[in-house]
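The domain 'Cytochrome b561' feature in TrEMBL is assigned to 1-206. Per TrEMBL, the feature transmembrane segment maps to 9-27, 33-53, 74-92, 112-131, 151-171, 177-198.
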């Protein structure tokens, strides 16, 4: 049941929060509106993708279930990347149309870091899962990048929380969403990200990094 599974519950609340955030902008037919809509998709999909790989029950430790989680994770990451591309391109072109300079705020710096980081981590993930021997030489060598990918993802989630907070206090968001709703949206984003951090470090503290390597081999054997 979803209400007995913290990771699924966190994913549900994150998705609902981002839908609420993007909803007012879907009523406006202008280029800028694609920015919060695209970024809302990115936030919801990326956080949900991270939580998808978190172990919350014994069943997730089976290779077949793990493979299903990896496939879901990949699909969500693709959706997140598409949302990020749309959101980034929309605000970039909107600045050009209005004759404004790019990257003049901390929010824009965070967005740029997310764009570069998410693209890089996605490429790494694709290479590890689909082309491990072609890119890294052997499956064993590709496994060494598991920790790098995981912690890079957590770093991106941290930047996501920071950038989201700045976006929620922007003038355009304040005009459309109440202060209480914006606070709730931020707390949900922060809470979901904190859960992802907790699960990751709790797993590693219990020595589950070795189990991750076993899963990695099992998932590739099922391909």
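In case you wondered, yes, glycine gets a Cβ from its N, Cα and C as well.
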Winner by Cβ pairs under 8 Å against the transmembrane segment (9-27), considering only 33-53, 112-131, 151-171, 177-198: 33-53
Long-range Cβ neighbours of the transmembrane segment (177-198) (under 8 Å; 6 or more residues past either end): 6-7, 10-11, 13-14, 17-18, 20-21, 24, 43, 47, 50-51, 54, 154, 157-158, 160-161, 164-165, 168-169
